[in-house]
């Protein structure tokens, strides 16, 4: 492809140079001085008239006698202070005159009829030779050159477009195909977590290596495997590991590369990729971001006649049509399995749909240890505790945490990575870097401290609420403060009480502001808390059936995948039902907020202590919060960082404080 592009640019450069030369000479001839064609008699007569009116004998500005073409050219000084360019052709021998033509002092003696006749031994009068006429065919040819060049360029561009549409490259890029044969050094052993997806794919890879073992039992290989799940969970990494494990050609293609400018290109490229893979079967075709072409048909603005749907139709035919795909395995990855066309995910096309979900606490520990290989950490770094502090993190985020910690270690010039750097790396991944240089007034800082302390108090006192593991009043991202709230244990199912407790934890910040400053002085700092609390309450009413409206789903998930939920929502709910839903959401939020307000009023002293600790240290962790709640006093300042960061499951902070006090 690069050679084609280079060759195209060379031709473009040549054409531009030729056109430039033609334009240069055309403009030069257009603006050049008009040349008078004089016969010898006219030339001599002009010289005689100049003799009568001129005394300095400077008749010419310039003059050239060319004996090879028998021509005289020059610029003649007229008597009216003007000049005339002339040319004279003759059959006389001008060789003797060429040597003295530049000496204007003798021109008056040379350019006389007698001299011309004597010098050439010609008797009689002087005769002029007709001016040479150019070849008419040559003139037509020269005038046709620009038109021919223009036609050539147009034909060349047209052929380039045709080549590109045929997949052979062209003036606008294009390539022979969109698939790349990948050779990966990744193995399944290089992946931490995702045990179930690895087992499913390993079975298919084994089928490709040992087809006889399965054929004896009458089993057929799955036509396709669809990997779905949130971003960053390792779907593409699984595909790379599959390429490294399988000893068969592995074709990688992005779904978006099928659809381009020209109509029909997508379907053609699908045929090209699959045809090439069939020639080298058994083979694997991996399609990344399948939702780019696999969305439900007939829902878009263009109906069923757009390029994307033609491409999808071709893919459906190639995967399970009249042609057999023996030895050909399709693997695809997407974050949006919910918007895929039903015909694409039926058995016979993508037989297996594997969800690659977010890792649990044990898998997070394995992922952290995998990415920590080759890096130096302090001895007190416990990856199990780090895994507990990062619920909901994907594999990509965990890798980024380790990388950020390494970068912080280099920035601070420490030879090993310590707990503080890992802690800061987690915060950077979640909320961005701290903005320590931002100027904040003391009043605003105090309000932020009360807000964050309110979250902590409610989390401590409400059973099932989110526990605050870390609080800081140092701005991060767009937030004035930051708190890390996590449930005590990771759950997959939540009770109604758990959700109420979670909403109450979110409303703790706003409740603290109202208690301390009053309704008229509340701030915008609770915006994100309100958004999250409202989202949970809405799902409790419309999806989970946890309200007085009963166990009914009031929210349909059949919106258009193209126009979005808002534009394409065809709600079948009446205005009265929507009003009742809003009332139930309001009831849940207000109930949780009243609970948070009541708890904070009952524990106002704890709120003040946590606020004072925040203003004093700017950042406090879960162990310090627990100590304050248990002893109702601020923890000592000189607590060793390695002790403070240990796991608090056994609530051993009291003994650490006692040890620290004894050291003092």
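Cβ coordinates come from backbone N, Cα and C, glycine included.
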In Swiss-Prot, the Zn(2+) site includes 451, 455. Which of 360, 529, 548 does it also list there? 529
Over the topological domain 'Extracellular' (31-136), what does the predicted model average in pLDDT? 58
So among the recorded positions 452, 529, who's got the most Cβ atoms within 10 Å? 452
Shortest C-alpha distance to residue 230 (ATP binding site) - which of the recorded positions 451, 452, 455, 529: 529
Of the recorded positions listed as 231, 235, 452, the one whose CA lies nearest the CA of residue 529 (Zn(2+) binding site): 452
Here are some binding-site residues: 231, 232, 234. Which one has the most Cβ atoms within 10 Å of its Cβ? 234
Give me the Cα-Cα distance between residue 236 (ATP binding site) and residue 455 (Zn(2+) binding site), rounded to a whole Å. 38
Let's check the environment of residue 233 (ATP binding site): how many other CB atoms sit within 10 Å of its CB? 25
Please report the number of other Cβ atoms within 10 Å of the Cβ of residue 230 (ATP binding site). 14
Including all protein chains displayed, how many Cβ atoms other than that of residue 229 (ATP binding site) lie within 10 Å of its Cβ? 20
